[in-house]
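**Student:** Provided herewith is a single structure, encoded as structure tokens, for subsequent inquiry.
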Amino acid sequence: MFLGGYLGSCAAQLATYAACTACQCASREVLRHSARVAWSVLFFLAMIVAWVLRDFATPILQKIPWIVKDVGHVDMDKWFGQQAVYRVSMGNFLFFACLSLAMIGVKFKGDKRDRYLHHAHPMLKLGLWLLFTALPFLFPNEVLNAYSWMARFGSGVFLVIQMIILLDFVQCWNDSWVANGEENDRWLYGLMGLTCVGYGGTLTLAGLMYYWFKPAGAGSCSLNIALITLTLLLVVGFSVLSLAPLARGGSIFPSSMISLYAVYLCFSALQSEPRDYQCNGLGHRLTVASGGTLALGMVVTLASVVYAAFRAGSNTALFTLEGSEEGEPLAQRQALLSAEEGDTSAGLDGVPDVAEATRDAVMGGPSKSEASAALTPVTYNYSFFHLIFALASMYIAMLMTGWGSVAQEKDRMDVGWVSVWVKTAAEWVTGLLYMWTLVAPALFPDRDFS
């Protein structure tokens with residue numbers, strides 16, 4: 001019995017070790033083959049570091065003389081928290097901006113910058129990231145003040161890029177299902193069902209906002225009522241426009257998805273009102289939430305930013321200029337690759353050139369796999385991918401500091417009147433951009449908007 005228990009314990013330990021080893025190997029393989037995942041992990045780690053330092057780094061920053069000298073008469077905890085966020089944000093902005101510059105012109109996987117910098121060498125990436133993250137803590141406050149204003153502009157660019165990608169994604173989704181519907185009506189029924197879901201969600205969320213952000217006994221709450229009502233009018237406006245003859249190629253399905261997104265932005269704006277604002281009924285409920293609930297909410301916010309940056313950085317076709325090398329069709333480059341492989345694998349008579357192969361082996365020339373990789377096109381623009389993460393680094397600084405407001409509450413993220421108006425502006429810019437995509441083909445018939 002003792003022997004059986006001992007063998008069982010050994011088997012359990014062996015199984016645990018094997019499972020851990022398998023997980024470690026799997027994670028290494030994922031990070032090695034998917035550079036985008038590895039960079040996203042680093043970015044998410046940077047946001048966690050900024051979050052922790054914002055709420056707990058005051059005792060450390062108070063010991064740095066070039067940071068303390070310009071404190072003035074402000075809330076010490078909040079001011080030092082802002083400084084920590086700005087410095088981590090600036091370090092990551094510089095890190096990804098330098099990578100974006102270094103990756104300019106990478107077209108094929110055989111490029112050394114792809115093999116040695118974008119992919120592989122995870123410890124080198126981690127070391128460089130740590131260096132860039134720590135470097136801004138040596139900068140004087142004047143540099144950080146200039147960066148904080150630059151981050152406001154960069155964050156706006158990041159939001160605009162998100163809106164453009166959303167509009168393009170919804171339109172492509174609609175076009176794809178309509179094309180499939182020509183052969184099978186089920187695709188059209190699917191679009192109809194999703195359209196109903198989109199507008200149903202829009203009306204449901206609007207009703208909840210009227211309930212949450214005009215609580216009983218809180219007065220008229222005219223600002224909240226106005227924002228919700230104007231959002232619904234915007235939704236009605238571009239929904240009707242999408243069905244008008246002026247809107248060439250307009251469809252009600254994209255309008256339903258944009259409607260849902262616009263109402264979500266309105267909800268997010270109202271939810272960002274200060275917790276002590278009497279008309280923020282939902283904020284009052286969140287104030288009494290447990291610390292675990294607040295932490296979960298912030299983690300979800302950070303994860304959504306990572307996903308947005310990952311998606312935007314991978315979508316480069318939308319921002320490619322017509323006629324540029326980046327716009328070269330993938331099939332054409334693959335055909336070139338196949339032709340080159342044929343040339344390198346056979347001699348003039350279709351027989352492998354033994355002498356050339358021997359010479360390459362002796363002289364250390366490229367192998368067939370290396371030659372193939374040298375002509376294999378990359379699947380996305382590496383430089384643009386890192387640029388998006390650089391802009392996202394600025395955006396996360398704005399979220400954690402309430403867009404530069406010293407009144408940002410501790411243990412909160414994206415709360416304050418500045419956040420309210422930024423999201424409201426984003427909502428209206430999204431709606432107006434969508435309306436422009438509907439009427440632009442009719443206003444400029446000689447231009448190609450496909």
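Each Cβ is built from the backbone N, Cα and C atoms, and glycine gets one as well.
For 36-53, 84-106, 126-144, 149-167, 187-213, 225-246, 252-270, 291-310, 384-404, 425-444, the entry in TrEMBL reads transmembrane segment.
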**Student:** Output the single range from 36-53, 84-106, 225-246, 384-404, 425-444 maximising the number of Cβ pairs under 8 Å to the transmembrane segment (149-167).
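**Tutor:** The listed stretch sharing the most Cβ pairs with the transmembrane segment (149-167) is 384-404.
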**Student:** Answer with yes or no whether the transmembrane segment (225-246) touches the transmembrane segment (425-444) by the criterion of at least three Cβ pairs under 8 A, sequence separation 6 or more.
**Tutor:** yes
**Student:** If contact means at least 3 Cβ pairs within less than 8 Å, sequence distance 6 or more, would you call the transmembrane segment (126-144) and the transmembrane segment (225-246) in contact?
**Tutor:** no
**Student:** Please report, as numbers and ranges, the same-chain residues at least 6 past the borders of the transmembrane segment (84-106) whose CB is under 8 Å from any CB of it.
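**Tutor:** Residues 43, 46, 49-50, 53-54, 57, 61, 113-114, 117-118, 128-129, 132-137, 139, 144, 147-148, 151, 154, 378, 382-387, 389-390, 393-394, 396-397, 400-401 contact the transmembrane segment (84-106) from elsewhere in the chain.
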